[in-house]
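I have placed the structure first, in the form of structure tokens, so that the comments after it can refer back to it.
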Amino acid sequence: MLTKTIKDQNKFQKDSTIGSYWITTFGCQMNKADSERMAGTLEKMGYTRADDELKADLVLYNTCTIRDNAEQKVYSFLGRQAKRKHKIPSLKLVVAGCLAQQEGESLLRRVPELDLVMGPQHVNNLENLLGKVDLGNQVAATEETFISEDITNARRESSICGWVNIIYGCNERCSYCVVPSVRGKEQSRYPDAIKSEIQKLANDNFKEITLLGQNIDAYGRDLPGTTKEGRKENTLTDLLYYIHDVEGIRRIRFATSHPRYFSRRLIQACYELDKVCEHFHIPFQSGNNEILKLMARGYTIDKYKRIIENIRSLMPNASITADAIVAFPGESEEQYRDTLKLISDIGFDQVMTAAYSPRPNTPAALWHNQISEEVKKERLKEINELVETTSKQRNERYLDSIESVLIEGFNPKNSSQIMGRTRTNRLTFVEIPKNIKFNFSLGDEIDVKINEARPFSLTGILCL
């Protein structure tokens with residue numbers, strides 16, 4: 001950990017009163033969960049949540065570095081706050097997350113107005129790090145460390161659906177991905193600690209949990225214990241069985257899965273356990289085996305297809321979503337077309353797409369056969385059009401069906417509608433008949449008849 005005392009005291013004025021904070025989160029669900037924990041820590045310290053970023057006494061950016069545009073957005077935000085700090089020296093500026101881990105001390109040099117740079121493994125150490133800042137130091141905390149179990153202070157954004165981290169880090173070495181170098185090695189939490197957190201959520205009237213991990217189906221590989229059959233004792237499958245009996249929790253989800261570890265046993269558990277939702281997010285990244293090999297993904301398209309077939313053989317209406325990268329270095333037009341074909345053949349419910357973006361400290365960034373920006377834009381546009389078409393077709397299967405929707409709140413764009421999600425994770429807007437007096441609470445499950453299907457959402461009417 002780097003601690004640098006600020007010599008120019010005009011740059012630092014210790015604020016004798018605890019003020020307000022603002023957190024902006026970039027990137028994945030793991031970052032969202034980390035932001036909730038940091039918000040809880042700040043409120044425990046006495047900070048209150050600001051209504052306006054430009055009025056906050058402490059501004060924290062929880063950052064992402066998976067693509068270059070995410071980084072540039074952070075630097076844009078920092079530039080605005082740096083100017084503000086020159087006018088208000090007591091303002092505390094914090095950068096957390098993957099960009100902080102990647103850049104470390106160099107980020108303090110690039111943006112000298114920063115007080116604290118901290119990697120993802122230091123989320124639970126925020127209070128101690130801010131204590132060093134209060135002593136007049138600039139701090140960079142990016143060394144790899146064991147992640148503590150302190151999750152008690154999380155300030156949840158939802159009062160119904162809760163994130164639960166079960167494994168941190170990633171041991172894979174995909175040639176395009178910076179995550180292992182910024183998130184560190186895999187660290188699985190022990191089952192009892194996970195169940196205890198879920199029980200607390202249930203006690204607080206949460207109805208749905210989402211288990212999180214960069215590679216969630218690799219959960220337990222680093223934990224001790226082996227069964228008589230020779231497999232690891234604590235796997236994601238075992239964990240699902242273990243937590244299933246927590247009373248009050250109605251729905252269980254998990255993300256993100258890696259095809260390499262997605263087993264028949266896991267599929268069978270999802271089929272047998274009625275709280276586990278029929279939604280599977282399994283990135284395929286490319287529809288071409290040669291590109292998958294260059295990506296170092298560790299599976300073939302045939303294996304990926306078998307996973308989907310095994311899921312649908314038990315759960316025909318399961319929702320399958322995925323991630324895909326286009327214009328990977330050296331990707332030919334024919335290889336790109338294989339990705340389009342896979343999307344059409346499988347009929348994904350949704351695919352999150354991105355054009356390849358070179359990342360620091362990754363093998364693919366050094367290759368000389370990079371694809372032009374023009375081709376990247378063309379391929380991304382075409383694949384997005386296909387995804388929109390297939391997503392709408394998949395959603396049209398719901399027309400005239402009755403779906404159970406967990407209420408999450410009102411539609412912010414239409415106060416006459418409430419909104420929630422189906423078990424298959426379809427965002428659903430619900431019309432309430434004007435002549436009906438309908439009392440509901442967040443977390444209620446209601447039956448909805450679907451009468452409209454759009455590419456990424458459904459609309460229906462309350463079933464009476």
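Each residue, glycine too, has its Cβ placed from N, Cα and C.
Copied over from Swiss-Prot:
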- CYS28, CYS64, CYS98: [4Fe-4S] cluster 1 binding site (BINDING)
- CYS170, CYS174, CYS177: [4Fe-4S] cluster 2 binding site (BINDING)
- 19-135: domain 'MTTase N-terminal' (DOMAIN)
- 156-393: domain 'Radical SAM core' (DOMAIN)
- 396-464: domain 'TRAM' (DOMAIN)
Most Cβ neighbours inside 10 Å, all chains, among the binding-site residues CYS28, CYS64, CYS98, CYS174, CYS177: CYS98
Helix, strand and coil residues within the domain 'MTTase N-terminal' (19-135) as assigned by DSSP: 67 helix, 23 strand, 27 coil
Rounded distance in angstrom between the Cα atoms of CYS64 ([4Fe-4S] cluster 1 binding site) and CYS177 ([4Fe-4S] cluster 2 binding site): 12
DSSP three-state assignment for CYS177 ([4Fe-4S] cluster 2 binding site): coil
Conformational class of CYS170 ([4Fe-4S] cluster 2 binding site) under the three-state DSSP mapping: coil
CB-centroid shell, 8 A cutoff, [4Fe-4S] cluster 2 site CYS170, CYS174, CYS177, site residues removed: GLU172, ARG173, TYR176, VAL178, VAL179, PRO180, GLN214
Confidence summary (mean pLDDT) of the domain 'TRAM' (396-464): 93
Residue pair CYS170 ([4Fe-4S] cluster 2 binding site), CYS98 ([4Fe-4S] cluster 1 binding site) - Cα distance, angstrom, rounded: 13
Number of helical, extended and coil residues in the domain 'TRAM' (396-464), per DSSP: 1 helix, 39 strand, 29 coil
Inter-residue C-alpha distance, CYS98 ([4Fe-4S] cluster 1 binding site) and CYS174 ([4Fe-4S] cluster 2 binding site) (nearest angstrom): 17
Other same-chain residues whose Cβ falls within 8 Å of the Cβ centroid of CYS28, CYS64, CYS98, the recorded [4Fe-4S] cluster 1 site, in sequence order: PHE26, GLY27, MET30, ASN31, THR63, THR65, ILE66, ALA70, GLY97, LEU99, VAL179
Pairwise Cα distance for CYS177 ([4Fe-4S] cluster 2 binding site)/CYS28 ([4Fe-4S] cluster 1 binding site) [Å, integer]: 14
